[in-house]
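The next block holds one structure in the form of structure tokens; read it before the comments.
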Amino acid sequence: MELTRRKILAIGSGTVAFATLSGLPAFASLTDDAIAAFTGGAETGEGAITLTAPEIAENGNTVPIEVSAPGATEITLFAAGNPVPNVATFKFGPLSASRSASTRIRLATTQDVIAVAKMEDGSFQMTKANVKVTIGGCGG
Amino acid sequence: MASGVKPRVKVPKKAAAGETITIKTLISHKMESGQRKDDDGNVIPRSIINRFTADFNGENVIDVTLEPAISTNPYFQFEAIVPETGEFTFTWYDDDGDVYTESKSITVS
Amino acid sequence: MKIAPWIAIAAFGFAGAAVAQDDNTLNVEGETLLTETAAPAHMDSVDTIYSGWRFRSSETQALQTDDFDNPGMIFVDTAIEQWDKVDGSEGKACSSCHEDVADFAGLRTKLPRVDNGELVTMENLINECRTDRMGAEAWKWSKGKMTAMTALIGLQSRGMAMDVATEGEAAPFWEKGKELYYTRVGQLDMACSNCHEDNYGVMIRADHLSQGQINGFPTYRLKNAKLNSIHGRFKGCMKNIRATPFAEGGDEFKALELYLASRGQGLSVETPSVRN
């Protein structure tokens, strides 16, 4: 059998497709594991938690985000596309007013930012926001 | 001590009893993620602030766990209830064991 | 004129963003800064000049509207401490001679300027104080102590219009700067004008090209999370076009700084600004 350029390309793209397929679930599970560690595997609801993040971040080094979940005792943030998904956990004390916080985070690439809140009744709320991270114009 | 670490805090000077106030905090810190390599290809070890707390007269307002995904010069904004005249204490915990604190008093009228 | 379409698009695109803010008006701590004005007469092919702030996303813009949110201010704080710090053989601090840093209001708008036949920038003035009057070592042009101090002194002029002298004894330096601005260099064979005059407002990869104004320097960049000097930025631009950069503090960059300052005549000083 002669290996033509076309065949090599076909083999090559097959490998890429395989790598992509096998790579994705691995990534997802890293974040899923982190979420499960926080919720203890409990179901998460939605609607009582808000995550505000830019649709497009001008620079992944400093992405402003705000999270709010009235009645939450704890909110934790994940960045699904970062090498380590955990970003920060806010535990609200007795003198905390609105259960909200703003900070600035690093995003390695375009990805989902996920916020999970533990509510006073022990239930969980989850929301996510996709943030596109652009590549700088000159030299990155 | 990590060099050049300087906290900044913004708290109103006055409030009404039970009023909700907005607090902003910023600390200069490189937040070395542990993911970067130096020119020789060696991993630069992680060196971050890993915890931040805000308390008022000994009662907690917020307790934050920071991971390397928090940006250089960590910034937080949050809201607190002020029941009485007193003092806010802000504490940042560095990976290297250092602790940085800042206090702000507020008068309730 | 060329910029108008995307500014309109940007304003529309961000209209629903959480930060309710007009993307064309820069208010800092209650003071409105001028980010757009008629181009000075010497600019032939540009009608209107815009601050680099106008080319940024609303999130980046917002960082500059509040002095607490502006991360550049941490470095201003360090310079305030430095101001009173005794350094050098003469036992002096900045404050030994200059009682109040606020006395430098307006200085930033006039720099670079010609002193005794030489073109000097704020970095030169600071180092002259350090070496000649304090007996201290000169600070490196773009290192932290210098950019913090140029930010503190520049801040005193915030809101004032850029107003450098370009005629008289400044004329030959200005002419040299203009020549550099339009001279193609490097492997990519590009001049400053190719990006910042011919193509401002358009995308360079995923970024918007600005007019390359320097009224906000030193500027805090999200990219490297520190204050960046004017000459440091020039160096970055030259590397990007694969040219060998001139030396920071050298005659070429000082002349270019004067020419660029003159292309921003009338724009408000924004020091320390926030850019991406």
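Each residue, glycine too, has its Cβ placed from N, Cα and C.
TrEMBL lists C:Cys94, C:Cys97, C:His98 as binding heme c 1, and of C:Cys129, C:Cys192 the one it places in that same site is C:Cys129.
Comparing C:Cys129 (heme c 1 binding site) with C:His196 (heme c 2 binding site), their Cα atoms are 35 Å apart once rounded. Per DSSP, the domain 'Cytochrome c' (C:79-162) is made up of 41 helix, 9 strand, 34 coil. Cα distances from C:Cys237 (active site, cysteine persulfide intermediate) to the binding-site residues C:Cys94, C:Cys97, C:His196 are smallest for C:His196. Every protein chain considered, the tally of other Cβ atoms within 10 Å of the Cβ of C:Cys97 (heme c 1 binding site) stands at 10. Residues C:Lys92, C:Ala93, C:Ser95, C:Ser96, C:Arg133, C:Met134 surround the recorded heme c 1 site, their Cβ atoms falling within 8 Å of the Cβ centroid of C:Cys94, C:Cys97, C:His98, C:Cys129, which are themselves excluded.
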